[in-house]
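Worksheet for the structure shown next.
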Amino acid sequence: MINFLRVIKLSLVNKWKITALLVNSLIIGLLWGCSISAVYPFVEVVFSGNTIETWLVSEIEKTDEKIAELQITCSDLKLKVGDSGNSTQLRNELDTHSRRLIAEEKANQLYRTVMPWIEGRVPQTPFGTLVFVMSTLIMITIIKGVCLVLNSVLVAQIAQRTALVMRRQFYSSAVKMDQLTIDQKGTSAMQTMLIYNLNLVTAGLISLYGKGTREPLKMLVCLVLAACISWKLLLLTMVVAPIAGFVINRISQHMRTAAQRELGGIAGVLQSTMESLSALRTVRIFNRERTEKARFNRFSKTLYNLGVKQAFFDSLLRPTTELAGMVCVAIALLAGGYLVLNDTTHLLGVRMSDRPMTVSSVFLFFAMLAGISEPARKMSEIYNTLVRADVSSKGLYDFFEVEPEIQTPKNPSQLPLHSKGIRFKSVNFAYNLKQITLKRLDLIIPFGQTVALIGPNGSGKSTLINLLARFYDPQWGAVLIDGVDIKNVNPRHVRKQMAMVTQDPVLFKGTVLENIQYGNMNATSDDILRAAEMARVTDFLDVLPKGFDTMVGDRGNTLSGGQRQRIALARAIVADPRILFLDEATSQVDVASEQLIHDSLKQFLKQRTTIIISHRPATLEIADRVIVLEQGQIEEDLSSTEYFERYGIKLDRKRVA
Ligand code: ADP
């Protein structure tokens, strides 16, 4: 439970709410004990045809008589002990009677103290007494109900507040996490982890602060009351508790293993659902519905099996606790019955009480045992929830504790506004041990230059950009901006000077305007309009229902690919970056619009360093230099004119006009 304990520690910031909850739970426990104690007046007073007052009078009389009788017996025994010298049997007898005398005197004293409070204040008939007891019970139930509502609200506040903190912690860990770890974990697995694990942790907290505080306090009240009747009898009945504890512990270990596997299974099912639902078009066009369904069904079946296994262990817990409860009651019944039937205080030579137990007190003792067993059963149910919460907490903490590979150094270097040049110095980089992606790559890009990177798929073009943006750090060599090794700079400061447009840009749910503004929250409406004009967003605003204020839908899926790219370009322009990455940024824009965009970009690109990835000759036209990458190495490094000449590429500007 070590991991869930950390969550509990986190929840302790709500100390006032927890204090209120404990007080509230104690009140519920006391009311629970009170309502069970009602069995005593039923048996002892009402059903024997008494009222509380007449019962008290008769008890005082009975104890008076008993005291007188015991005083005589004790005096006789004292004399006999004196005569016999040192008879152990007589001494024991004297001891038993003396104790009984003290107990009777105490009881008598108690009845006499209570009497003035009762006299004339309680109903004077047995039926009236019954009505009085029942009304008190109803009152207790109403107060208990109010306390329970308050209890649930407090529990929800504590659990949800802790979940809120963990959700925030999760998000900030995810945002800080380096790209390599994110690639390995997968974003849908991360989403699953957040949703599913957090739900189980919250359920664990609700159980712990709800039933987990109420039920033990109810048990405690009943235990104290049972101990008041006869603590020795209570000890005797509790001998089975350690055995039951051992069995429950064994079952819970199996439950824990099953819970761990179930979590893995659920992550698989959710991941598979998310993946196939987000790519439903691809699934449909290839008629792969059946394959996807089969994959989903396979995961679901595993989950089903694990669920059944978990349910089996769950179901073992209840009979175990019930059996333990039943054994306790049986022991108490046998022992209590023996004491009452024989009107004795001793069981197998051990004194169980100072006064012999009455039928009513044995009944009350049973009622208290029942009052303990009900909360104990509920406690066994929460155990299962706590085990799952512990497994889930481990999943979450493992995630929180991943040390990001990309760190801000202790004494970070300052990165001035980029104005000199970018240098890749003998860079070696590999995503994994199997394949080196960039091999001893050397490249210098002076400030203001527009460089086009071309080369076959997988030659390392995007990787190069990713290293420059410090999404990854090279394993060997260095990436320098204006002579500063970016490994020594806070990654946020590196990216502050950059903007990127990719071939499948992500737009966020919001308006067109908000999506452009995302590049620079301080941009004025003039800046946004200028960027929108430069990226030719303004050309298609008329066809959108609300122009700039049109909502773009989830990930921008209500727009065409080209429109999305143009908005993404405007977003990058508005950021006014010193380094701009265009990764097939206009691949889906029509040729005519692309040409217009290039014309307006030419001026913009002059004051910044730009790296373009593209295979389209029309795009290469805005580049000053073309670099051909092949298997992570530079194959060719030419000016764009040289490149066009060497490969006989002619740009047909007329087709645009
Ligand atoms: P390009 O942009 O030239 O098509 P990339 O730079 O994207 O190529 O990829 C270069 C190589 O690195 C490829 O072999 C690709 O499989 C591998 N690669 C790219 N991204 C990852 C990643 N996140 N994890 C592992 N390997 C990757």
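Yeah, the Cβs are placed from backbone N, Cα and C, and that goes for glycine too.
As annotated by TrEMBL, domain 'ABC transmembrane type-1' applies to 114-388.
Here TrEMBL flags 422-656 as domain 'ABC transporter'. This prediction places the mean pLDDT of the domain 'ABC transporter' (422-656) at 88.
What TrEMBL lists as transmembrane segment is 21-43 (among others). Here the transmembrane segment (21-43) has long-range neighbours at 52, 129, 133, 136-137, 140-141, 143-144, 147-148, 150-151, 154-155, 158, 209, 213-214, 217-222, 224-225, 359-361, 363-364, 367-368, 370-371, meaning same-chain residues at least 6 beyond its ends whose C-beta is under 8 angstroms from one of its own.
Residues or ranges marked as transmembrane segment in TrEMBL: 130-159 (among others).
Summarising the annotation, TrEMBL assigns transmembrane segment to 194-211 (among others). Packing against the transmembrane segment (194-211) from elsewhere in the chain are residues 4, 7-8, 11, 18, 21, 151-152, 154-156, 158-160, 162-163, 166-167, 170, 263, 266-267, 270, 378-379, 381-382, 385-386, 388-393, 395-396: each is 6 or more residues past its ends and has a CB under 8 Å from a CB in it.
Feature annotation from TrEMBL assigns transmembrane segment to 217-248 (among others).
Nonlocal intrachain contacts for the transmembrane segment (323-341), taken as residues 6+ away from its ends with a CB within less than 8 angstroms of a stretch CB, comprise 233, 236-241, 243-244, 347, 352-353, 356-359, 362, 365-366, 369-370, 372-373, 376-377. The transmembrane segment annotation in TrEMBL covers 323-341 (among others).
What TrEMBL records for 356-373 (among others) is transmembrane segment.
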